[in-house]
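Here the structure comes first, spelled out in structure tokens, and everything after it is commentary.
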Amino acid sequence: MKKKLLYPLSVGIIASLLLLPSITSASQSIYHVKSGDSLWRIATAHSMSVQELMRVNNLTSTMIIPGQALRIENARYTVQPGDSMFRIAQKLGLNLHNFVLANPGINPDRIYVGQVLNLPSQAPAPAPAPAPAPAPTPAPQQPAQNSFAQQVADLVNAERAKAGLQPMRFDSALSNVAHIKAKDMIDNNYFSHTSPTHGSPFDMMRSYGIQYRTAGENIARGQRTPQEVMNAWMNSPGHRANILNANFNTLGVGYYQGAWVQMFVGR
């Protein structure tokens with residue numbers, strides 16, 4: 001009988017400040033001018049001089065308009081404290097999927113300060129991108145999904161009690177975000193802490209208004225019951241560390257068609 005593969009992953013961070021990007025020279029990429037941009041601001045962000053930027057783009061004046069495509073000779077980026085691939089893509093106007101593809105062999109969930117990443121070339125856009133639509137309110141979890149989520153929360157607090165830790169509060173807003181992440185993994189057929197739709201779990205929490213001092217995430221796929229997924233997590237050091245982290249005091253759980261998500265925050 002073919003063995004069914006079960007996949008757990010864990011991640012955790014402490015919130016940190018976002019610093020300006022550091023970029024080193026390589027081949028060209030395309031930058032699309034945004035409202036409020038100036039040549040000086042764009043050149044500075046990409047470690048170029050205004051004169052270099054004008055030369056590369058055959059510009060005769062410093063006038064630019066939103067949506068205009070500019071060639072950037074600097075197409076490598078050095079990771080700064082607080083960065084994730086999602087946040088870098090947002091800062092530099094990159095397509096996250098193309099950004100990940102431009103860095104084969106690099107785990108998008110495990111980039112580190114000082115790491116040099118390739119920036120993908122992008123086709124010029126004829127007009128500025130429209131403002132992003134507000135995130136849709138997802139359909140509420142079904143009774144079975146709610147039951148699974150509550151059972152996982154109860155099992156988490158049972159394990160914490162065994163370890164002499166305070167129970168975590170089961171939070172409906174955080175569980176809603178966890179459910180969206182679980183559904184996103186199924187709908188978009190991926191298994192990663194970095195969503196092609198929402199970015200890292202920490203970006204996602206912030207986008208849904210979740211406040212935190214510290215945060216973490218466990219994910220799994222293929223387990224059939226709350227007890228089965230908890231056994232898998234508790235037998236994995238990284239997942240167990242999140243579940244028994246004394247700095248976490250609030251828990252959200254999501255389940256959707258075999259995908260499981262735990263989101264932890266400390267406030």
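Glycine is treated like the rest: Cβ placed from N, Cα and C.
Automated prediction, rather than curation, is the source of TrEMBL annotations.
For 123-141, the entry in TrEMBL reads compositional bias 'Pro residues'. Annotation comment: TrEMBL describes 29-72, 75-119 as domain 'LysM'. Per TrEMBL, the feature region 'Disordered' maps to 123-147.
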Suppose you look only at the domain 'LysM' (75-119); what would the mean pLDDT be?
79
For the domain 'LysM' (29-72), the number of residues DSSP places in helix, strand and coil:
14 helix, 8 strand, 22 coil
